[in-house]
Structure formats: C-alpha cells, structure tokens
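Scroll down for the structure; my scribbles are underneath it.
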Amino acid sequence: MKLLSLVAVVGCLLVPPAEANKSSEDIRCKCICPPYRNISGHIYNQNVSQKDCNCLHVVEPMPVPGHDVEAYCLLCECRYEERSTTTIKVIIVIYLSVVGALLLYMAFLMLVDPLIRKPDAYTEQLHNEEENEDARSMAAAAASLGGPRANTVLERVEGAQQRWKLQVQEQRKTVFDRHKMLS
C-alpha cells in the first residue's frame, strides 16, 4: 500500500504542468449572466486563457444585438477557474490506500483476536480457588460467630475480618437490593 501511494506521489510530481495538456475541465472561464430583458439567464463555459476571461470572449453566441452587448456584459460575472485533476486523482489514490490498509489491519485483528484473548487455564484455576476460599471463609465466619470464643490473637483478627466482611455484604444487600441508605 505504501509503495502504491509513493508511486502515485512520484507520478504526480513528474507530470509536467503544461497548460496544453490540461483538459477543458481543468482550465476554464465561467461566465454567469443573469436574465436581461426578454433573455433568460445562462451560464457559459469556455476554455480560454486568464487574460481573455471576460464576457466578450466567453459568451458565444451573443444573445443580444450589437448595441446592448456592453450593457449585457456588465451584468455578467466571469471567473477564471483552474484545478489539477492529477492532484485530485493522487489524493483519491492515497485516501483509498489508507482506507484499504485500515481494512486489512482490522481483518488481521479480527483473525488474531481469538488467539490473544484465549483464556489461560492457570488464571481460571486461581480465580476459581479464590471464589472457593471466599465461600469457605464466609461459612467459617458464620460458624465462629456462634461457636466458642477464639483463643489466639490471629483467630480473633480473622474473626473480626469475617464479621466485617459479613457486615459489608449485608450493607451491599441493603443498598443495592433493597435500595436503602447505609445505617
């Protein structure tokens, strides 16, 4: 894709900017003449040089008789227009090349995405162990609340943590399920 756009840019630079090679759409004099007396308005296009871009050289055939030509030409607005179709073509080729490259990149990512996001068996096992551990600790906390008093400092801290976790869980249920404020 980069090679194609590079070739297009080099081709554009190597094309000689000669006015003789340009088509009538590239260089033109456009005269817009409004309605005049019983003559309807009209748009005239002519391939003439910039110095000849006026009503007398562009408007052919002249729709008014000889003595009204000057008054008619004063109403007409003539503009010289020049564009480079080669540059337009090069820009379109570059644009299409970029869009094509992005589409290819998107297709590549769609093909590679399942390989990248493949679930890792080890992380799934760790996640399942954490869930099981949480469930066991909740059950142990519920049992320890009603059971005999803990003897060691470590067991007391664990018991306090379990009570705190149960309290937080209860508050979550109250707030999210029952939509009540914290007490």
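Numbering starts at 1 and runs along the chain as it is shown here.
Using the three backbone atoms N, Cα and C, a Cβ is placed for every residue, glycine included.
Annotation comment: Swiss-Prot describes 1-20 as signal peptide.
Swiss-Prot lists 21-89 with the feature topological domain 'Extracellular', giving sequence analysis as the kind of evidence.
For ASN21 (among others), the entry in Swiss-Prot reads N-linked glycosylation site.
For ASN38 (N-linked glycosylation site), no same-chain residue lying six or more positions away in sequence has a CB closer than 8 A to its CB. What Swiss-Prot lists as N-linked glycosylation site is ASN38 (among others), and the listing cites sequence analysis.
What Swiss-Prot records for ASN47 (among others) is N-linked glycosylation site, and it gives sequence analysis as the kind of evidence.
Sequence annotations record features per position, and here Swiss-Prot assigns transmembrane segment to 90-110 based on sequence analysis.
The topological domain 'Cytoplasmic' annotation in Swiss-Prot covers 111-183, and the record cites sequence analysis as its basis.
Annotation source Swiss-Prot lists phosphoserine at SER137 (among others).
What Swiss-Prot lists as phosphoserine is SER144 (among others).
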Cβ packing number for ASN47 (N-linked glycosylation site), 10 Å threshold: 13
